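**Student:** Copying in the features that TrEMBL gives for the protein in this structure:
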type: REGION; residues: 1-37; note: region 'Disordered'
type: REPEAT; residues: 196-234; note: repeat 'HEAT'
type: REPEAT; residues: 235-273; note: repeat 'HEAT'
type: REPEAT; residues: 274-312; note: repeat 'HEAT'
type: REPEAT; residues: 313-351; note: repeat 'HEAT'
type: REPEAT; residues: 352-390; note: repeat 'HEAT'
type: REPEAT; residues: 391-429; note: repeat 'HEAT'
type: REPEAT; residues: 430-468; note: repeat 'HEAT'
type: REPEAT; residues: 547-585; note: repeat 'HEAT'
Amino acid sequence: MEVDSTPMTPTEYMEEDRSPVPDSTAMDVSEVDQNDDDDLSSVAALIDQLKHDDVQFRVNACKKLTVIAAALGPERARDELIPFLDDSIDDEDEVLLALAEELPNLSSYLGGSEYLPRLLVPLESLAAIEDATVRDKAVSSLRQIATQMEDSQRNNDFAPLVKRLAQGEWFTSRASAAGLFAVCYSAFDAQKQEEWRNMFAQLVHDETPMVRRSTTKALETLSSVVSEEHLETFVLSLFNELASDDQDSVRLLTIEILIAIANRFDAQKNRDTLLEPLKSLARDKAWRVRYMVASKFVEVCDAIGEDTVRAELVSTFVDLLKDSEGEVRTAAAGEVPGFAKFADKQTILESFLPCIRELVEDGNQHVRAALALHISGLSPILGKEDTIEHLLPLFLQLLKDEFPDVRLNVIANLEQINKVIGIDLLSQSLLPAITELAEDRQWRVRLAIIEYIPLLASPLGVEFFDEKLLNLCMSWLGDAVYSIREAATINLKKLTEVFGAEWAKDTVITQIIKMADNENYLYRMTTIFTLTTMTDALSPSIIKDYVLPTVISLSEDPIPNIRFNVAKALETLTPSLKQDANTADLIESTVVPSLQKLTNDKDGDVRFFASRALLDGEFTGRAL
């Protein structure tokens, strides 16, 4: 890169920059290193790396363009750095992507907003690159710069750039041009806006499908900035053409345009102009188009208007629920609760429920999983009686599904059903299924059941819980999967918070203490974890009489992992013991001696955690 009129190497430049004379436009190298926390030794190295043989070096250098620009100063950044970058466009896609992303950040290093057009030159080249990711980033950066420009700059510099791209020989530049029309449209006068619309319409009719795809995406944004008149005469006309395009990759994008238009039209105009195109898209021969309609159906209905939806779109939605393609049915199943809000209860019972019953037995497991995740949303709409009569049997059937994701999705949304029908009826109906799922071969299903148990605790009451579910909760402590054992300890803590510490002492802790004598070290480890986790929910006296003695007894365990977890547990127990005057003395008499003994353990990890506990523990009045 040349500096001034005399060739100068980056190193020479940096040596010149290190002079003690202050320069308000340059950044000292040591400041660069501190501010950017960069491993590179200097800005000179960054400049060198812009032409490094290694791609990753060039990528990293591009990400530091602001550092280079700050060191060069505004004039040299404009006159040397920008042209240098424009000459470097012939590079790997990774480098170009980093360059396209970083270029807008140079706007504050060029000496003022009047120099923003300088950044358009390399970005125009990047917008015509073959790689779509680079082009998209370049278009995004161009839009970002355009928002910072003055109106005169948009007319004199940005608009000609868009025109050159739109009339480019290669489809890549035309595809990029489509995304640039909306950003400056409002700043133009009526004559310029008309020229803009005519140019955009030419892109809509482009022979290349990729260009038409880009214009379809861009038309959604453009529809938000045109006038009401041109929304109907221009945008709606182009939408209808694109919705009947011979490429399904174009048609599937038009649903977003329909939503954008519908949000600006009134209900009657929506009914007159958009209803038939919507129905046509919902019946499209390409399943991907129908999928897009199904996945956006509730959003479409919100925009179209409630009266039109109730009168015209119920049968369309039912057809999507019965679609021949599983992907479409899956998308439609996810929209069931949202669409049901537009229908009355009779319509739901007569039109939707028969479809839902079919979907519960659908041969596609993903359809059933989507339904299981969203079907509970119908409960608040139907009310208690109809939920019990019509939905509860479907929940039970889904809970027995062979696909674990289906069962998980039902469990994850039981709380919504609970709010409608009440926990008593829910527990009576689902308790057998819950008990069965608690031993499911899929550990994630068991985990979901564990997390749901505390919600059942209070409504069921202590007696019913102890009789039906306590043994189940204790059995999870011996599960082969660590995540299940961990969740089981948290579950017992939550149950203690619900039923009280005395309940835990009488029913849970005695069983946990017995595990400390188990031959399997995992059971002994679980004992420590469980007692430690439950500490916050227990009283100091219970910790003194039951928890602390059990933990101390395991300090002699032959397994080092047990012993260093004892040290960690004692560290955790100390604050709880300190809170009560009756147990505070145990810190000095029991906890500290046990930890000191462990600091002499033969195992290094045990010594480490014991020493840490002594250093970090709250041992008041003792010099450690």
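The backbone N, Cα and C atoms fix where each Cβ goes, glycine too.
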**Student:** Compute the average pLDDT of the predicted model within the repeat 'HEAT' (391-429).
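**Tutor:** Averaging the confidence scores along the repeat 'HEAT' (391-429) gives 79.
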**Student:** Take the repeat 'HEAT' (196-234) and find every residue of the same chain, 6 or more past its ends, with a Cβ under 8 Å from one of its Cβ atoms.
**Tutor:** 162-163, 166, 171, 174-179, 181-182, 185-186, 188, 241-242, 245, 247, 249-250, 253-254, 256-257, 259-261, 264-265, 269, 273
**Student:** What is the three-state DSSP composition of the repeat 'HEAT' (313-351), stated as helix, strand and coil residue counts?
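**Tutor:** Helix, strand and coil residues of the repeat 'HEAT' (313-351) number 30 helix, 0 strand, 9 coil.
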**Student:** State the non-local partners of the repeat 'HEAT' (313-351) in its own chain: residues 6+ outside its ends, Cβ under 8 Å from one of its Cβ atoms.
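**Tutor:** Distal contacts: 278-279, 282-283, 287, 290-291, 293-295, 297-298, 301, 304, 306, 358-359, 362-364, 366-367, 369-371, 373-378, 381-383, 386, 390.
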**Student:** Going by DSSP assignments with H, G and I as helix and E and B as strand, what are the residue counts for the repeat 'HEAT' (274-312)?
**Tutor:** 32 helix, 0 strand, 7 coil
**Student:** I'd like the per-state residue tally for the repeat 'HEAT' (196-234) from DSSP, helix first, then strand, then coil.
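**Tutor:** Its residues divide into 30 helix, 0 strand, 9 coil.
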